[in-house]
Amino acid sequence: MIQFLLGTFTNGIIVVVNGIDLIKHRKMAPLDLLLSCLAVSRIFLQLFIFYINVVVIFLIEFITCSASCAFIVFVNELELWLATWLGVFYCAKVASVPHPLFVWLKMRISKLVPWMILGSLLYVSVICIFHSKYTGFMVPYFLRNLFFQNATIQIEVKQAIQIFSFVAELLVPLLIFLVAVLLLIFSLGRHTRQMRNTVAGSRVPGRGAHISALLSILSFLILYISHYLIKAFLSSLKFHVKRFVFLFCILVIGTYPSGHSLILILGNPKLKQNTKEFLCHSKCCQ
């Protein structure tokens, strides 16, 4: 419950603060747009995780219709891709890599953000269409095995479908994000070497931004990889929901969207300041 409230509150704050800023200035910065879309998807993800917890605690029958399974896939995959593009955005804005392709991306990343969001929506929609043909075959039986210990249905999924689904939905955004992290670390290393070569007392511009972005993206990387590994573990279908290990997996999965959103608020000066003003104004109005 605490995890659900924290996740909903932090992501709701991001949406409300950026919405107020949009009303004031009648435009939204690309980063704010990406953060808002990510926050909305995470709110829906937190609602689903809360529903899973309610099902587990109160032993409510889980609804495994095609529509609910498609919604789960859509929200989860969209959230992963938007989070990946956020890592790419930080990398392009903060890192400095002397490569023509990276320079091109750095100059155009702000204009590409709406297309990234639109592309993610289209891609995830295609994934959902793909799943709609196999949802009754894969997802409901998978959930039955998790939520009913006496399930007798034996699940036999084609290996090719499992590999394609796993790679397309999890591995690709993970690899893109890892590349962004490595480029950012490489850029920070170069700036650190430049610092050593400068005169004592001088400072290389942008190093503070590099460190702040690096800490944010590294903390997200830990949460991202944990989320990835838990999903891979859940795909093994080797245990039932009544065991403590599944509840721990749900806890880790829920920590990811709430924890990173809190890090984003604390690590983004503009978002942090707007959040303080919003909270102070809300407190004064009470």
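Note that Cβ sites are derived from N, Cα and C of the backbone, with glycine treated the same way.
The list of residues near the transmembrane segment (6-23) in space but at least 6 beyond its ends in sequence, with Cβ under 8 angstroms from a Cβ of it, reads 32-33, 35-36, 38-40, 42-43, 46-47, 49, 254, 257-258, 261-262, 264-265, 271, 274-275, 278. The transmembrane segment annotation in TrEMBL covers 6-23 (among others).
Sequence annotations record features per position, and here TrEMBL assigns transmembrane segment to 44-74 (among others).
Only residues 6 or more beyond the boundaries of the transmembrane segment (80-105), in the same chain, are considered here, and those with a CB under 8 A from a CB of the stretch are 30-31, 34-35, 37-38, 41, 112-113, 116-117, 120, 123-124, 169-170, 173-174, 176-177, 180-181, 183-184, 186-188, 190-191, 206, 209-210, 213, 216-217, 220, 224, 260. Per TrEMBL, transmembrane segment is recorded for 80-105 (among others).
Summarising the annotation, TrEMBL assigns transmembrane segment to 117-143 (among others).
According to TrEMBL, the feature transmembrane segment maps to 163-188 (among others).
Annotation source TrEMBL lists transmembrane segment at 209-230 (among others).
What TrEMBL lists as transmembrane segment is 245-266 (among others).
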